Structure formats: structure tokens, C-alpha cells
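One structure below.
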Amino acid sequence: MADNLEPLEPSLQNLVEQDSLKWIFVGGKGGVGKTTCSSSLAVQLSKVRESVLIISTDPAHNISDAFDQKFTKVPTKVNGFDNLFAMEIDPNAGLNELPEEYFDGENEALRVSKGVMQEMINALPGIDEAMSYAEVMKLVKGMNFSVVVFDTAPTGHTLRLIAFPQVVEKGLGKLLRLKMKVAPLLSQFVSMLGMADVNADTLSQKLDDMLRVITQVNEQFKNPDQTTFVCVCIAEFFSLYETERLVQELTKCGIDVHNIIVNQLLFLQNSHDSCSMCASRFKIQEKYLDQIADLYEDFHVTKLPLLEKEVRGPESIRSFSENLMKPYNPKGEPKE
């Protein structure tokens, strides 16, 4: 690109101020501080949005540790906030991870549909995780949060999360065809148990409803006005390599990505006062920061500091989140 182009604002202010955004994914290599960054972003969004939900799709469920509060698969208000909620799901658990209330109903059909759907899904390798995402999306859309932030698992899981609408759309067709085969058996089985209200049409309707939601989500995921992805990395070779792979895959999937967070940076004010290891690490980070500047000159690149203490608890996250909105200043910002 031309040298006279102005660098983009080195913060996430552009995302926080984009009122149209509905889905924001935060991801990257393991151990780079995704959860701290996603939690901090959610805190900043809660200042300008009516209601914010942060969802952890990482089986490690670090947002409970980050906010120092236990979260479950049901949205729970974060302590110290009026409009920030959090929930944790394990996509590997499939439909068993969903709240039981989702399958409650006035007749036996809805109460047994969870088990039947799980058995049908198990017949299609690879779709279980995608269906879990699909059901979560259906639940979340019904809750009408202003914006949803995803604290994703390491890169491989993240790419599957992004691709799940296409997987589900293909898989639902197979499920509906499978339904036609098992419908007679299902009807005989439930008749023996005296559950006259249960029929294959109930399951079919549930799958059709889900397909409509997923088609809509798929369209929203590829709309940069509604969905974007924030890549988190550290200034090291493997993390930068993983970030570039992630950016390329997201671009291939049609997902907007124009923000990168470089976390855990050393800000040496006086190299003479630093230890030899710190000075060495600083030089390594400077080398990769130069590469990031060359690779992502059309991205907003936010630089975050390595702190002496861990960022944990709502007040600590609230304080750290300010670094997302304006460039970190080691002289003006006291260390936590």
C-alpha cells in the first residue's frame, strides 16, 4: 500500500461505536489472553448497548475465572453490572448441554424430542458440535440481546464455530430424510408407551424452525454490518503464524475481520533499567510488531501490556478494558 496512508486507530473504539454489530467473535491461539480481551470488550460494550451477552464456547470456561464468578449454560448477570450477562457452553456435549427448559412443553412430544434428536444427530458424524451451536444461536436470538460476544476456543474450534451454519444446513437435510425412515418406528414406539401426542412431525417442525434460524444467522455472519471477528495474538512467531492462518480462513468464509489485538507486550520506558531477559524479549516483540505492521496495515491493531498482576475480577477487567479504547500509556496508566 502507499506510504502516505494514515494508520488506522489502534483501538477497538471502531467496534464499540458500530451500533449495527450483533455478533462479535474473539479468538486466536491458546494462551494469548482471549478471555481477558473478550471480557474487556464486553465491558466496554455494556457502556453503550442496552444489553450485552458474552458466551464462552471454550470447554475450559475461563470467563468464570476472569470475572471470579461461576457461570452456567443459562445467561447470568455479571456481578457489578446491570446489563452484562455471561454463559458457558461446551459444544462437544451436543444437545445435552442445552438448558432443560428449551425442551419443556405442554405435551410429551417436546419432552422426549431432545433424546430422539440426539440419537438422530449421532448418526451423522461431525454435525453434533454444529447442532449445539445452532441451538444456542436459536436460544440467544430469542433473548434479544443487543450484542453477543463469543469467547471462542483455540483456532481449530473457532473455525468450526464460524462454519457451523453451512454444516447445519447440509446436515438438516439429511436429518429430515432420516426422519422419514424412522417416523413409522417412532410412531409405533410411542404408541406402546401411551404417548399419543408424540409424532415425527413434531421433530420435523423443530428441525424446520431451527433451519430458518440458522439460515438467518448464516446471512448475518457474512454481513460486516452485523458480524466481525477480533483476532488476539502475542508478538511471537507461532502466534503470528496462527493469526495469519485464521485471517485467511475467515476471509475465505466471508467473515469480516479488521481488528487485531497484540497482547502481553513489554513497554520498556528505560532499557538501562530493565533486566537482560526483558530487554531481549522486548527486541523479539519489536521484530514481530514490525511484521504485524507490514502485514496488517489496513487493520486496527490494538497493543495491550503485560501486567505484573493477573486481570481477574469485575473491577480489574473494568480497569483493563480502558486499554481497548485508547492506546496504552505506561507513563500515564498505573500498573494493576
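Backbone N, Cα and C atoms are what each Cβ position is placed from, and that goes for glycine too.
When secondary structure is read from DSSP and collapsed to three states, LYS29 (ATP binding site) falls in the coil class. Neighbours of LYS29 (ATP binding site), defined as other CB atoms within 10 A of its CB across all chains, total 21. Look at Swiss-Prot and you will find LYS29, GLY30, GLY31, VAL32, GLY33, LYS34, THR35, THR36, GLU236, ASN263 tagged as ATP binding site.
What Swiss-Prot lists as active site is ASP58. Within 10 Å of the C-beta of ASP58 (active site) there are 24 other C-beta atoms, taking all protein chains into account.
The DSSP secondary structure for CYS278 (Zn(2+) binding site) is helix. Among the features that Swiss-Prot reports, Zn(2+) binding site is placed at CYS275, CYS278.
When the Cα atoms are compared, LYS29 (ATP binding site) and CYS278 (Zn(2+) binding site) turn out to be 23 Å apart.
When other Cβ atoms within 10 Å of the Cβ of GLY31 (ATP binding site) are tallied across all protein chains shown, the result is 11. Rounded to a whole value, the Cα-Cα separation of CYS278 (Zn(2+) binding site) and GLY33 (ATP binding site) is 20 Å.
Looking only at the binding-site residues CYS275, CYS278, the densest Cβ neighbourhood within 10 Å occurs at CYS278. Taking the Cβ of THR35 (ATP binding site) as centre and 10 Å as the limit, one finds 25 other Cβ atoms among all the protein chains shown.
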